[in-house]
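Straight from TrEMBL, the features:
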TRANSMEM  80-99  transmembrane segment
TRANSMEM  105-126  transmembrane segment
TRANSMEM  135-152  transmembrane segment
TRANSMEM  164-181  transmembrane segment
DOMAIN    253-381  domain 'Palmitoyltransferase DHHC'
TRANSMEM  299-322  transmembrane segment
TRANSMEM  342-366  transmembrane segment
Amino acid sequence: MKRGKRRKKVEGSEMEEPLCCCEYIDRRGEKNHLVACCCDCEELDEGCERWLTCRSLPPGTLDRIADTVLDRFRIPWLKGAIKINITLLPPLVLLPVFLHVAALHFLLALVILTSLPVVVLWYYYLTHRRKGRTLFFLSLGLFSLGYMYYVFLREVVPRGHVGYTQVVILTCGLILMLMALSQAKRDPGYLASQMSNDKSPCQGSNGFPNRKVLGSSSGFHGAAVSGIASCHAKNDDAKGYSTMLAEGLDRAKEDWCTKCQLIRPPRAGHCRLCGICVRRLDHHCVWINSCVGERNHRAFILALSLFLLTSVYGITLTLDTICRGQNMFIALFYCPGTYADYSSALSFTCVWYCAIITAGMGYILLIQLLNISYNVTEREARLALREDTGRRLLGGIVVDTGKYNRGFLYNWGQFLTLGSPTPQHSAEDIV
């Protein structure tokens, strides 16, 4: 009771007094200071005491300790200290260490470069199983780009074999890729769970059942009936209306999202990591920490394509510098004398690291291009395999559902116009 009164008092004062750079509002809603980050640690003290006396911890103690530590992990900032996501830090520390250790000897490079993809995949499946979002992969991708570019400028360019024009081309490719990535990070087409009262679902709006309908025990039924009735209010054929109502209820039942409490439009899906429905959901990409949907799918493909072009160009320039006179593909596997010089060894190790990432991203891009050619999303492909309604093509790397496939040119034309406004029709035109 005292804590509640104290919290109200702090919240009221916060409305009057702005926070300084080292102050913040903690997870309990109370004002705190970075200097006091080690104070008020009863749960941590109790946990250490029980651990020293070999007693078991109460249920949920470790989670509360972790939440407290993460909440206090902040840096000073204008208008209050900002919270730092701890999953951002491992790539910033571990990647340079691993690459520099791998540059010491060929066998160390073999072990580390083989283990890194395994560890990343293990962490991916771990977070995917727990249905949690993480910034680890986004941090790893962005820091890898920056660090590879830094090594290129520091170790490769000073050798004199890379011209100014080539550096400018590589830099422009990197900048364009980051611009496309920023576009891919924007709204993928999130669906609102509430519609305005002056629009009906059949008038081309983004609307959905209002809260009164959703709050009822038969939310989906009420939403479907209200939508169909509003669109066919002028239809005097009772039998035809009943048929349409039955068909509409069946269709609405399939598209009803119990989590968001709305009727999804065709090809939309619910992302369990973001906790929201997305128009034409393809998949949730951990590398951008966002969904890939109707509005950002083109930017996602563009970012992947620019990354592959820039990465291959950078690998070519580096191999041509440290393995003079050799073919690029041969030099990637056999470059004698590389580990005799630490600078060459580090550059060669970074080349292999880039090659591994490029191969993975190239596979993702290949799958995406094939899916676009057959007008199928990753989500639809998984559902088709689960329900045994799709055909595996090209050795099983693509699944054709046959539901939206209208030919190569039509499919690509539809993809290139994703997110563009569609002509709206009135209810009378639809009838």
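Keep in mind that glycine also has a Cβ here, set from the backbone N, Cα and C atoms.
Between the transmembrane segment (299-322) and the transmembrane segment (105-126) there are fewer than 3 Cβ pairs closer than 8 Å, counting only pairs 6 or more residues apart in sequence, which means the two stretches are not in contact. Contact between the transmembrane segment (164-181) and the transmembrane segment (342-366) is not supported, since fewer than 3 Cβ pairs fall under 8 Å when only residues 6 or more apart in sequence are counted. Sequence-distant contacts of the transmembrane segment (135-152) (same chain, six or more residues past either end, CB-CB distance under 8 Å): 85, 87-92, 95-96, 99, 120, 123-124, 127, 170-171, 174, 177-178, 286-289, 314, 317-318, 346-347, 350, 353-354, 357. Proximity of distant same-chain residues to the transmembrane segment (342-366), defined by a Cβ-Cβ separation under 8 Å and at least 6 residues beyond the stretch ends, is recorded for 99-100, 102-104, 109, 113, 116-117, 144, 148, 151-152, 155-156, 301, 304-305, 307-308, 311-312, 314-315, 318-319, 321-322, 332, 335, 397. Under DSSP, the residues of the domain 'Palmitoyltransferase DHHC' (253-381) split into helix, strand and coil as follows: 74 helix, 16 strand, 39 coil.
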